[in-house]
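If you look up TrEMBL, you'll see 12-219 marked as domain 'Cytochrome b561'. Under the heading transmembrane segment, TrEMBL lists 6-28, 49-66, 86-104, 116-143, 155-176, 197-219.
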């Protein structure tokens, strides 16, 4: 039953994550003219798309690798490598997203890192970089002792969930900030909820729902990889129930 609910949740996550990315693309294309890589406002439009794709959807997929039942048996190295590689891809896309917004600010002579959204976002990316380096150094390379890994594992897990939470907060604050800027001089103010505001608010709520579902799966004890010795106990209980 737990495995069935897990795969149902994964299916819901895949659908919801895809909708979050496609909604962001549609928002930037329909209301803000599409995309370019030339320092203009069209280059900025890559920023929300890349950040939602990397720091929310791809980051979540990488975090859930160890929840797959197939990862509970056999050697851990392939799953560790996949976990690290997916996070690295997410980080590279994040760097591209940051480059897009910084290049636009340079081109438009806009100051960098002045808003709460930017402070929150850059803090999230910094923690993500530290988290990936720690995970690669301690859990993937063979030099670390089991004692050190056991000591750092709860910290690694805590910051993994914390970074996702901060990423969601960054996305939501970024949507709000973008709407205030784009609707400030429009025919309808943000408070009158024009169609763009309704669409972007709904997209933000989808990101929140997606993040909460990911955190639920990460925290559900029945979906965690069993510790050494617990797998045999679970199999014995299962055979007894049969």
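Here the Cβ of each residue, glycine as well, is placed from N, Cα and C on the backbone.
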Ranked first among 6-28, 49-66, 86-104, 116-143 for CB pairs under 8 angstroms with the transmembrane segment (197-219): 6-28
Stretch in 6-28, 86-104, 155-176 most in contact with the transmembrane segment (116-143), if contact is a CB pair under 8 A: 155-176
Within-chain partners of the transmembrane segment (49-66) [C-beta distance under 8 Å, separation at least 6 from its ends]: 10, 13, 17-18, 20-21, 24-25, 28, 35, 79, 82-83, 86-87, 89-94, 96-97, 100, 121, 124-125, 128, 160-161, 163-164, 167-168, 170-171, 174, 207, 210-211, 214, 217-218, 224-225
Intrachain residues whose Cβ lies under 8 Å of the transmembrane segment (86-104), provided they are six or more past its termini: 37, 39-41, 43-44, 46-51, 53-55, 58-59, 61-62, 65, 110, 112, 122, 125, 128-129, 132, 135
